[in-house]
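Novice: Taken from TrEMBL, the feature domain 'NADH:quinone oxidoreductase/Mrp antiporter transmembrane' covers 23-288. According to TrEMBL, the transmembrane segment annotation covers 56-76, 96-115, 152-171, 178-196, 202-219, 239-257, 277-294, 321-343. Marked as domain 'NADH dehydrogenase subunit 2 C-terminal' by TrEMBL: 290-343.
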Amino acid sequence: MNPQAKLIFTTSLLLGTTITISSNHWILAWTGLEINTLAILPLISKSHHPRAVEAATKYFLVQAAASALVLFSSMTNAWHTGQWDITQLTHPTSCLILTSAIAIKLGLVPFHFWFPEVLQGSPLTTGLLLSTAMKFPPITLLFMTSQSLNSTLLTTMAIMSTALGGWMGLNQTQTRKILAFSSISHLGWMAIIITYSPKLALLNFYLYTLMTAAVFLTMNSMKVLKLSTLMTSWTKSPALSTTLLLTLLSLAGLPPLTGFLPKWLIIQELTKQEMPLMATMISLLSLLSLFFYLRLADCSTITLPPHTTNHMKRWHVHKPVNTQIAILTTLSIMLLPISPIILTIM
């Protein structure tokens, strides 16, 4: 892709996100979401492969439908209450329509079908944007309207997302699809807590972004698109494979890694809200996704392919260390000890 075109699309992404997260008026927020959608489409379809064009078409249709619902919900609210302010969303029907619209934009169950397909058709770097940056504006809209949302509906969607995200990822061999189902599972954790503690949902999103960025960039550096390629990565880049193992375990939420912090806090908050059954259910359902993280970790470090030579490291090239991956991996592994500082900032 032409560097100038890429710069324009990336700037438009930043502009769209900034407009949405800083606006108080529904029309401005909708405009930001539309700019975002239009800016990411060329990045999805830049390879001109039929799969990429299909992914871009699916993404456009789904996001257009979700944006229309956002507009419809805000207009219904304005019709009944006379308010265009985002935080003044009080009409029950508008709240339900908005929850559905944001669920479609994020890929929450039962509106999740488009997400794994779109991610599978996109390059890894665009996949990273779709899993993190493109989810930030819809989550900020949920954050701003959290006090008036239907918590029962969100809790149901959250439990279903965690269950299906873990269950459907079990049998996958494509790394991008596994990461898509991982994203759906993590969104369940954010959705269940957004009405009770919106700041905690945002903290979960930030930490999820850190860990997912580390995984995507590591896989992009190793050119890994499926599990069979991941199995040969240890002989080529043992250091990267080791850090990938730790980042995946952190994404699974195992202590004493960073990923344990949001899960721990969410379970604690759900127990305070007298929802121990939901806390137990979502904890048990996250074991499903733990299985496929362990499978990825097993393929990257423990499974070694049969060697044709006597040397352990064939064609081992000393590549320079990627600073971004180093920083992100360190943060993905070591933030748990400073959790009291993070909680005081919140």
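Glycine is no exception: its Cβ is also placed from the backbone N, Cα and C atoms.
Help me picture these features in the structure, burial and contacts included.
Specialist: Within the chain carrying the transmembrane segment (96-115), a Cβ under 8 angstroms from the stretch's Cβ atoms is held by residues 33, 58-59, 62-63, 65-67, 69-70, 72-74, 76, 89, 130, 135, 138-139, 141-142, 145, 149-150, 153-154, 157-158, 160-161, 163-165, 180, 183-184, 187-188, 191, all 6 or more beyond its ends.
Here the transmembrane segment (152-171) has Cβ contacts under 8 Å with residues 96, 99, 103, 108-110, 112, 116, 177-178, 181-192, 194-195, 275, 278, 281-282, 285-292 of the same chain, all six or more residues outside its ends.
Proximity of distant same-chain residues to the transmembrane segment (202-219), defined by a Cβ-Cβ separation under 8 Å and at least 6 residues beyond the stretch ends, is recorded for 124-125, 127-128, 131-132, 135-136, 139, 143, 175, 179, 182-183, 186, 189-190, 193, 225, 230, 240, 243-244, 247-248, 250-251, 258-259, 261-262, 265-266, 322, 324-325, 328-329, 331-332, 335, 342, 346.
Proximity of distant same-chain residues to the transmembrane segment (239-257), defined by a Cβ-Cβ separation under 8 Å and at least 6 residues beyond the stretch ends, is recorded for 182, 208, 211-212, 214-215, 218-219, 221-222, 233, 263-264, 286, 289-290, 293-294, 296-297, 300-301, 325, 329, 332-334, 336-337.
If you take every residue in the domain 'NADH dehydrogenase subunit 2 C-terminal' (290-343) and average the pLDDT, you get 80.
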